[in-house]
Amino acid sequence: MGIGRLLVKGTIGGCAVLTFFDVVGHPAQVLGNSMQPTLEGGHAHWWKRDFVWLSTWNLHKCSPGTILTFVSPRDKNVVHIKRVTAVENQVVRPESHPDWITEIPKGHYWMQGDNPQHRHDSNTYGPVSAALVKGRATHIIWPPNRWQRLQK
Amino acid sequence: MVQSTGLRRLWKFTKGTAMFYCVAHCFSRHVGELVICSGPSMHPTIQDGDIVLAERFSVRLDNVQVGDIVGCMNPQKPKELLCKRIIGKEGNPVSSSQLPSGYVPIGHVFLQGDNLPVSTDSRHFGPVPEALVQIRLALRIWPLDRAGWINNRWFWDTAKKNSKE
């Protein structure tokens with residue numbers, strides 16, 4: 001009897017946490033240095049890398065300058081964090097091929113890392129569909145001395 | 001006294017609703033859900049107003065195969081779910097004006113509706129990233145006279161034995 005009740009309560013509690021993560025937001029760690037100097041994710045120890053809070057509200061129709069996480073269009077198991085630099089109907093010139101003038105299709109973003117030395121972004125794989133976006137980085141929550149709001 | 005029981009009732013009701021919402025949300029996110037199909041793009045396999053049971057396990061287990069009918073987020077309208085058939089997975093040859101190389105690129109799938117003249121699909125917006133494929137349609141439950149399996153492969157079956165096309 002007691003174990004059954006505990007199982008039910010645990011399941012409902014787990015569902016509540018998952019729903020909160022899906023609907024409101026969740027923390028995540030930055031890995032890799034493509035967003036330096038804004039986000040620090042290149043350190044070997046996890047406690048020296050940044051944690052960000054990802055909000056899952058208002059993901060669509062983001063303006064340029066917003067930092068978003070999205071699933072890589074080339075690999076569904078990889079999540080990238082980049083900055084929106086252009087939105088639908090704008091025209092961009094990829095850095096590697098400035099003559100390939102691209103008009104960003106409807107519902108897509110042009111995502112770029114902040115670090116020009118080290119990045120793997122829309123210059124490599126083209127515009128990213130807004131449906132791939134998973135979260136919007138709003139705050140750096142760890143380490144404490146870097147605590148800050150991220151946009152606007 | 002009356003007020004406090006009223007408040008307690010309200011609290012109980014709110015708590016119950018919240019718990020129900022959370023469980024329903026998790027179930028639809030991780031197990032499967034009911035999809036009400038609209039639009040003519042999959043006619044005659046799936047017709048306007050059909051209600052179909054869809055499951056997420058085969059997407060989670062990477063077991064979506066060519067020929068499956070899947071629900072996929074519209075790459076151009078992020079909140080819309082499209083219902084199409086997978087024509088090609090990465091590396092498969094597909095002839096289309098959207099694919100200059102003739103092959104589906106890495107990490108993408110090529111989708112097409114069964115009703116070729118009216119369907120808006122990969123022939124218009126190109127191959128879509130695999131991550132946009134959300135659910136696999138499995139069992140039609142409404143209307144009753146056409147109820148039955150859309151795809152009679154279980155989500156753990158890797159061999160293709162799909163007959164109802």
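Backbone N, Cα and C define each Cβ position, glycine as well.
Whatever TrEMBL says is automated annotation, not expert-curated.
So that you can see what the record holds, here are the features copied from TrEMBL:
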{"type": "DOMAIN", "residues": "B:17-95", "note": "domain 'Peptidase S26'"}
{"type": "ACT_SITE", "residues": "B:Ser41", "note": "active site"}
{"type": "ACT_SITE", "residues": "B:Lys84", "note": "active site"}
{"type": "DOMAIN", "residues": "B:103-142", "note": "domain 'Peptidase S26'"}
Roughly how many angstrom lie between the C-alpha atoms of B:Ser41 (active site) and B:Lys84 (active site)?
8
Helix-strand-coil residue split for the domain 'Peptidase S26' (B:103-142), DSSP-based:
7 helix, 18 strand, 15 coil
Counting only residues 6+ away in sequence within the same chain, which have a CB under 8 Å from the CB of B:Lys84 (active site)?
B:Ser41, B:Met42, B:Ile69, B:Val70, B:Cys72, B:Leu111, B:Gln112, B:Gly113, B:Ser119, B:Asp121, B:Ser122
The domain 'Peptidase S26' (B:17-95): DSSP-derived helix, strand, coil residue counts:
18 helix, 24 strand, 37 coil
Quick one: give me the count of other CB atoms within 10 A of the CB of B:Ser41 (active site).
22
